[in-house]
Amino acid sequence: MVWAIGGADAQPGRVHQQIAQLWSEENPDTPIRIEVLPEDADGQREQHALELQAEGSGFDVLGVDVIWTGEYSENGWVESLEDVRADIEAVTLPGPFNSATWGDELWAAPYNSNAGFLYYRTDLVDEPPTTWEELCEVGAEVGAEEGIAGFVAQGAQYEGFVVNWLEYYWSTGADLFNEDESAVTFDVDAAVEVTEWMNDSLGDCFAPGFNTAQEEEARNEFQAGNAVFMRNWPYAYGQIQDDEGSPANGNFDIAPLPTFTGTGTISALGGFNNAVSAYSNNTEAATDFVVWAATDPEVQTLLAEESLPPTMASVYDDLAGDPVMSLLGEVLADSLPRPPSPAWNEISVEMQRALFPAYNGDADAQSAAESVREYLESTIQ
Amino acid sequence: MTGTSVAPDPGTRSGAGGGGRGSPRAVRQGLSEKALGRIFISPSIALMSLVALFPVIWAFVLSLYVYTRRQPEGFGGFDNYVTALTNPRFWDSLQFTFVFTLSSVTLEFVIGMGFALLMNQAFRGRGVTRAAILIPWVIPTVVAAQMWFFMFNVTPGFINTIFGLGNFNWLGQSGTAAFAIIFADVWKTAPFVALLLLAGLQTIPNDVYESGKVDGAGPAARFFHITLPLLKPAILVALLFRTVDALRVYDLPQVMTRGAFDTESLSMLVQQYVVRTPNPGLGAALSTITFVLILGIGIIFVRLLGRDLVIGREEGK
């Protein structure tokens, strides 16, 4: 069998490879092999699309980003997993489980989850900030004293920018759609406020090169000791901790992301689910594999050990003493999914097209926000 | 033909059956040389049309249908072309594509010519120089793009360090982002132009230069009155290859900026509608437009080239 999943070689400890090996040892009749897809989500989706559009049976198990569920099921690319729903639902966290459903039907088995953390330098800052304004004030001030930047995050024009922007936007209390995605609740004023705040922070609290940075550029900056704060996924924790030459090593901690309201935390839910390709010739074994990966404590603990957040609730209880896992449990409870609409990719591209130039000062924030609202409305009519 | 020709009298040709082969009438028997040639070449033409034309025609047919996220909705005539041509993104990407093509091909030509003239000289270490000049061309474009992304990016910022520019954000501003992409393309492809021009330079016989020298032509005069005119076919081939290639640029801007800061090329737009936010009809319309554009420019070049080659041949007679 072939498991087409992204970034398999870039994962800490090559954890996907470890899991594939574990399965192949236990099931010598139906071994699984990883087809390594690109590291970035857009690239992975393209590879899937090319194979599935041609109805190719080359991929049996698909590593599906949480936002693709709607699209893949609408396209008939994945098998329904309703038959094994009970097994999976019983052990999985509710957020990740919902991300694998579309139209009340289960289309994938949760595999790993993800949420954003605020990384901060404990030798430079006593307490992590609770609001974004405070983060930028402290960041700019401490950064100027130390001759380093205030804040690094994912500010390049790609899906990660939309994730970061939504975390700011959601943390004002606003949302994109109502509960069942039947009406647009996009708040133009909040969007303008957030976008203008980003523009003001450019060149001040935001690190140089903020608008070309993805996950790895941000991590490199923070790990090299060039920033006070960083927004990133949990994977960075282990990497900085393992790098003994890093100025941040031993001098950093993680906290929930700040908000604009000053209360609680909001993170965009990330992660991958495993789906069975509708064109697979090994549907049965593939289904067994995805269920196993979602429900086997050994697999899920292996993910946790490599700082890739598992989706199995009991693993968080077992690892309550681990600082990353216990904070993750908290943050995941307050995380919000991007709308799992089949139109999500179009929405994301439109948001990038409108908001990215606005935050860089190349376009007007008001008209950018209005065009996003218009586009969202066009997707539900 | 055989039916209409008068049968030779068997009596006069007794015992000389083989002699008929040499007679002019026998040569005309059967199909003409031209017709035979057509028959022999037809399988290749059929195969070529299948391989080359089928996708183009298929894309055109696809571009006449309306889709919503891969789901066909029916025949839409030229709706997709209207959508494409009224979208400001199309014009923005067309503008970038043209600016990119014009500036990179011009620079590549000038630098490539310099390289070619250098490589054509006989001097010690010529082999090493030739190899050094050709290295960038051997590196795959995506690898080169990723490399220049690192070089131009603020972190680790090699270019800023070398030139003492601090935190200058090459890839994070309009204008400089396009410059960085054009720079990377020139670095990568000037050697290719140099290679084509060098091949042309080596076909120019040395005695032409020598007689030029005898007639008192200086280096500049020799370059403009001997080298350039005789190099014209090679120059046209180089410009044709580079222009057609630059018009469909995808990998450099995709890796270096992902189309941010007005660096979205036509091919990136096509790719988006074919794969990323699938709308096969619109994607096909955009790719058909791109095809027609490149074909048109290609035809202009081939016309110029063809005429030049014909003239060159007649002069040679």
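Just so it is clear, glycine is given a Cβ too, placed from its N, Cα and C backbone atoms.
If you look up TrEMBL, you'll see B:94-301 marked as domain 'ABC transmembrane type-1'.
Residues or ranges marked as region 'Disordered' by TrEMBL: B:1-26.
Long-range contacts of the transmembrane segment (B:45-67) within the same chain: residues 73-81, 278-282, 284-285, 287-288, 291, each at least 6 residues beyond the stretch ends and with a Cβ under 8 Å from a Cβ of the stretch. According to TrEMBL, the transmembrane segment annotation covers B:45-67 (among others).
Here TrEMBL flags B:96-119 (among others) as transmembrane segment. Among residues of the same chain six or more beyond the transmembrane segment (B:96-119), those with a C-beta under 8 A of the stretch's C-beta atoms are 126, 129-130, 133, 178, 181-182, 185-186, 189-198, 200-201, 235, 238-239, 242-243, 246-247, 249, 253, 262-266.
For B:131-151 (among others), the entry in TrEMBL reads transmembrane segment.
Annotation source TrEMBL lists transmembrane segment at B:177-199 (among others). With a cut-off of 8 Å between Cβ atoms, the residues of this chain six or more beyond the transmembrane segment (B:177-199) that come close are 96, 99-100, 103-104, 107-109, 111-116, 119-120, 133-137, 139, 141, 144-145, 148, 152, 170-171, 231, 234-235, 237-238, 241-242, 245-246, 249, 252-253, 256-257, 260-263.
Per TrEMBL, the feature transmembrane segment maps to B:220-241 (among others).
Same-chain residues lying 6+ beyond the ends of the transmembrane segment (B:282-305) with a Cβ under 8 Å from its Cβ atoms: 56, 59-60, 62-63, 67, 80-81, 83-85, 90, 233, 236-237, 239-240, 243-244, 247-248, 266-267, 269-270, 272-274. The annotation transmembrane segment is assigned in TrEMBL to B:282-305 (among others).
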State the residues, same chain only, that lie 6 or more residues beyond the ends of the transmembrane segment (B:131-151) and have a CB under 8 A from a CB inside it; answer 'none' if no residue qualifies. 115, 118-119, 158-159, 171, 180, 183-184, 187-192, 194-195, 251-252, 254-256
Cβ-Cβ under 8 Å with the transmembrane segment (B:220-241): same-chain residues at least 6 beyond its ends: 105, 109, 112, 192-193, 196-197, 199-201, 203-204, 208-209, 212-213, 298, 301-302, 304-305, 308-309, 312
